[in-house]
């Protein structure tokens, strides 16, 4: 478990131009230099420091957010996924910048009255110029679950997955259901399997664009595996010795898979 330094804001904090991490974002993409978030001064990187907003700190250095549209010179943008291998605290800081950027780009107008929104200078939220309604970043709650059946783990492949990658079951939480109910429903709908012993594992913000992944472990109860091919390309039970390519390191899906395999290995010892 990582320890994040909390930032207490009474207002939006601007950059002083000193050495910092600079997250220049557009959608779920950001500017990387040699695969890393640029570090240094605003002057060094020719960035408009007056438009940079503090979103976090990493190793005692500030992490600033800038929208790519606010920079005169175009910078090559790369998916946030390219940072999955970096330290988790820095990845989460970059994720925060991406989500604030998404907020500023997608909540430009007030859904209450249609007025123009602007970035509120008391907190990181968009506010309507006319009716003054505050609009915070949208966060979509999702579950993700690793299901174990004796010495095997349930893994699924989605049509969007490349290189034959398999992962665990995931889905969005519906209105009026608990997280545990969502776990049971998603597994049943996508695979025909009924699960039991549902238990919390951890969470991960997932800025693609604005999800919060809440992870669970569960055990097989009953049912015959019948993949929903409108959602999945394949689903199957896999043992330690016959694993397919799985989700990359840095994802909570990979952490769930590794935990389940470790539990299986311990039981086999």
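Yeah, the Cβs are placed from backbone N, Cα and C, and that goes for glycine too.
Keep in mind that this is a model prediction, so the values were computed, not measured.
Under 8 Å, Cβ to Cβ, and six or more positions away along its own chain, residue 81 (substrate binding site) finds 208. Annotated substrate binding site per Swiss-Prot: 81, 136, 204, 205, 206, 207, 208, 209, 210, 211, 253, in sequence order, evidence recorded as sequence analysis.
The feature Zn(2+) binding site is assigned by Swiss-Prot to 110, 113, 128, 131, with sequence analysis given as support. Residue 110 (Zn(2+) binding site) carries neither a helix nor a strand DSSP state and counts as coil.
According to DSSP, the domain 'Nudix hydrolase' (137-260) comprises 25 helix, 53 strand, 46 coil. Taken from Swiss-Prot, the feature domain 'Nudix hydrolase' covers 137-260.
According to Swiss-Prot, the divalent metal cation 1 binding site annotation covers 170, 190, 231, on the basis of sequence analysis. In the structure as shown, the Cβ atom of residue 231 (divalent metal cation 1 binding site) sits within 10 Å of 16 other Cβ atoms.
Feature annotation from Swiss-Prot assigns motif 'Nudix box' to 171-192.
What Swiss-Prot records for 186, 190, 231 is divalent metal cation 3 binding site.
Feature annotation from Swiss-Prot assigns divalent metal cation 2 binding site to 186. Around the Cβ of residue 186 (divalent metal cation 3 binding site), 22 further Cβ atoms fall within 10 Å across all displayed protein chains.
Looking at 204, 210, the binding-site residues in this record, the fewest other C-beta atoms within 10 angstroms of the C-beta turn up around 210. Here the candidates are the binding-site residues 113, 131, 204, 210, 253, and by Cα distance the one nearest residue 190 (divalent metal cation 1 binding site) turns out to be 253. Working note on the binding-site residues 206, 208: by count of other C-beta atoms within 10 Å of each C-beta, 206 ranks first.
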